[in-house]
Amino acid sequence: MDKFTAYEQRMKKENLSQAAIDAFKGNYEQLVSGVTGLVPEKEIEAVLELPKLSDMKDSKMVDVKAVLSQTAVLKLNGGLGTSMGLEKAKSLLEVKDGNTFLDLIAQQIKFTRKKFDSNVRFVLMNSFSTSADTKAYLHKRHSDLISEPDVELFQNKSPKVDAKTLEPATYSEDPDMEWCPPGHGDIYPSLLGSGMLDRLIKSGIKYLFVSNSDNLGATLDLDLLAYFAQSKKAFVMEVAERTAADKKGGHLTKRKSDGRLILRESAMVPDDDKDAFEDISKHKFFNTNNLWVNLDRLKETLSQSNGTLPLPLIKNKKTVNPRDSSSTPVFQLETAMGSAIECFDDAGAVVVPRERFAPVKTCGDLFILRSDAYKITPESTIVLVKSAAPLVKLDDKHYKLVDKMEALVDAPPSLIDATSLTVKGPVKFSKGVVIKGDVTLSNDGSSPAVLEAGTYADKKVKVDEKAPVAA
């Protein structure tokens, strides 16, 4: 028995589809063959100009109702938000005014349907970690959506690979830990293997808009939808302009050998090319993970490549029990859905405003969203009240986890007139705190110190257990 046969048998026993098995096989073959995935600077050329959403007025050129009836919105909902201390789907976290991410997403779908009298489809891609909680919540709050056909696309799971033997990892104490998520590149084998791709196409769906459920900036933009429909492209990626804060992250580029757009991440860069990789004047754009996919073209491309898209491998080094560093070292084999841009000859990209990329990855992000710096529109979208969000840096020791942050915030402070807020040490926010300009709050003690109601403008404030004192 060769090593892959053991994986295949294990995956079949878990009732995983042939598409999921084939996708894992492609990843495993890359691992075994030692594919480095390095993309040297000499093999690419910079992407200098792209269409901009700000210049598009394409929705005036199409029958919006008709195009919406051919569209599905898919939200990636497989994450637990473990880095923020969550044990349920991150989308069930309250964002603002009693609304969770999932509430706002559902309300956006309903608003669009009502406004245009067009039944745009809605799909959630859940994982084995988020499915039950998410469906229970929808039954309770949005029973009309949960009863619709194909509202859930179930993410596959992948076997962890023993880093030493390259055989399936085992962990008798908890066999569930022998499996891992395959990354959001799994969307393609999941669509194919579940039969949903064929069902959507058969029901008249042509256009799929995909984004992360924790990115409330990723709304169904009608100008972008109209542009995508008229372009006849197979795949379009929303990109934003890189800033100095983004220079360590990946960028969009073009491969010289075939002229195709590709994503280049930091792990794909040879050491000698690091400076060029971080040059934001040369490599200007990064992937927002908001994608537009033509389903007919996706099916055609999958058929031509034996049911799998040849996506670059992401090899994550972990231990089989992530909470036990002494447990067996493993590889988790993943792919990214944005990498599919290189699988199509006529893929494209559109530059979008930064507000379409507003993922909540930290408690600092959530802290700002819950403040008056953002508001909920009648369309159930979250928008900045002013032109720019304040820069918020919360003490990592005391505000990293949601429950710890919430214990220190009786009510979100007013940040509408704030430029920056830095919090050092455990500071407890009373109701009625107003932050203006640039403010630093500090508490040198280990116990929380209460910041009383009041306005704090352009100052450094030392907070103790009695009262805040301007420094």
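The backbone N, Cα and C atoms fix where each Cβ goes, and this holds for glycine too.
All TrEMBL annotations are machine predictions without curation.
These features come from TrEMBL:
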- LYS90, GLN155, GLY183, ASP214, LYS361: UTP binding site (BINDING)
- HIS184: substrate binding site (BINDING)
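Residues LYS90, GLN155, GLY183, ASP214, LYS361, recorded as binding UTP, reach a greatest CA to CA spacing of 21 Å. Within the same chain, residues at least six positions away from GLN155 (UTP binding site) with a Cβ under 8 Å of its Cβ are GLY78, MET125, ASN126, SER127, PHE128, PRO181, PRO182, ASP186, SER190. Every protein chain shown contributes to the tally, and the Cβ of GLY183 (UTP binding site) ends up with 22 other Cβ atoms within 10 Å.
Neighbours of LYS90 (UTP binding site), defined as other CB atoms within 10 A of its CB across all chains, total 26. Counting other Cβ atoms within 10 Å of each Cβ, the lowest count among the binding-site residues HIS184, ASP214, LYS361 belongs to LYS361.
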